[in-house]
Amino acid sequence: MAEHPELSAQERAGKAFPVSWDQFHRDCRALTWRLNEVGPFHAVIAITRGGLVPAAIVARELGVRIIDTVCIASYDHTKQGDLKVLKGISADTAKLGGGTGKGLLIVDDLVDTGKTGRLVREMIPDAHFATVYAKPMGRPLVDTFITEVSQDTWIFFPWDTALSFQPPIRDGAA
Ligand SMILES: O=P(O)(O)OC[C@H]1O[C@H](OP(=O)(O)OP(=O)(O)O)[C@H](O)[C@@H]1O
Ligand code: HPA
Ligand SMILES: [Mg+2]
């Protein structure tokens, strides 16, 4: 990755993996089937902003009503900069997890390099970390995920995209 620092992560990725709302909902439900074997959980912690959508679906399916957020900013569209923790977990949630995060469920849309996940794990090491998608570099940090894509794939989420014309594959479409 380091050999083209001027390129965004998406440009370096090369391959595109577009995800529809329907597919995302199905993948979140598949994730919940696995998490249901691991819980119960006292609370769900969404890593914003991408984790908010899967956290809502997973919490609904697991019947969990306490939802907290860890707010982290790093990617400016597709370029990753320094990680900034804008908000940590609340004191109430930390108490539910006994200080180390035991019985808490962290949810994010994906792990890529693993930097975001590593930071949250350091805050609450005993929490269970679940993502819908995982790339190889971040995969060791995740306890439960559904689909792995290669490191050189960029995942396009439905809340970041809109329907648009695509040239035929024969003419060079990705
Ligand atoms: O494993 P990493 O390389 O750290 O990348 C994964 C993180 O990057 C994205 O969030 P982003 O920082 O773009 O913010 P957003 O969720 O607000 O879109 C994604 O939602 C993960 O949280
Ligand atoms: O593949 C990705 N897609 C969307 N956002 C991301 N943030 C890090 N990697 C990705
Ligand atoms: Mg995110």
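Backbone N, Cα and C define each Cβ position, glycine as well.
Listed features, source TrEMBL:
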type: DOMAIN; residues: 20-165; note: domain 'Phosphoribosyltransferase'
type: BINDING; residues: ARG49, GLY50, ASP108, ASP109, LEU110, VAL111, ASP112, THR113, GLY114, LYS115, THR116; note: 5-phospho-alpha-D-ribose 1-diphosphate binding site
type: BINDING; residues: ASP109; note: Mg(2+) binding site
type: BINDING; residues: ASP112, ILE155; note: guanine binding site
type: BINDING; residues: ASP112, ILE155; note: xanthine binding site
type: BINDING; residues: ASP112, THR113, GLY114, LYS115, THR116, TRP154, ILE155; note: GMP binding site
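Shown on the structure are the features that TrEMBL records.
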{"residue": "ARG49", "record": "5-phospho-alpha-D-ribose 1-diphosphate binding site", "DSSP (3 states)": "coil"}
{"residue": "ASP108", "record": "5-phospho-alpha-D-ribose 1-diphosphate binding site", "DSSP (3 states)": "strand"}
{"residue": "THR113", "record": "GMP binding site", "DSSP (3 states)": "coil"}
{"residue": "TRP154", "record": "GMP binding site", "DSSP (3 states)": "strand"}
Taking the Cβ of each of the binding-site residues and counting other Cβ atoms inside 10 Å, which one has the highest number: THR113, THR116?
THR116
May I ask which of the binding-site residues ASP109, LYS115, ILE155 have a CB within less than 6 Å of any atom of ligand 1, listed in sequence order?
ASP109, LYS115
Among ARG49, ASP109, ILE155, the binding-site residues in the record, which have a C-beta under 6 A from ligand 2?
ILE155
Among ASP108, ASP109, ASP112, the binding-site residues in question, whose Cβ has the most other Cβ atoms within 10 Å in this structure?
ASP108
Compare the C-alpha of TRP154 (GMP binding site) with the C-alpha of each of the binding-site residues ASP108, ASP112, GLY114, and give the closest one.
ASP112
In the domain 'Phosphoribosyltransferase' (20-165), how many residues does DSSP put in helix, strand and coil?
50 helix, 47 strand, 49 coil
Between ASP112 (5-phospho-alpha-D-ribose 1-diphosphate binding site) and ILE155 (guanine binding site), how far is it from one CA atom to the other, in Å?
10
Considering every residue in the domain 'Phosphoribosyltransferase' (20-165), what is the mean pLDDT value?
95
Which chain-mates of GLY114 (5-phospho-alpha-D-ribose 1-diphosphate binding site) that are at least 6 residues away have a CB under 8 A from its CB, listed by sequence?
MET137, GLY138, ARG139, PRO140, LEU141
Do you know offhand how many angstrom separate THR116 (5-phospho-alpha-D-ribose 1-diphosphate binding site) and ILE155 (guanine binding site) by C-alpha?
16
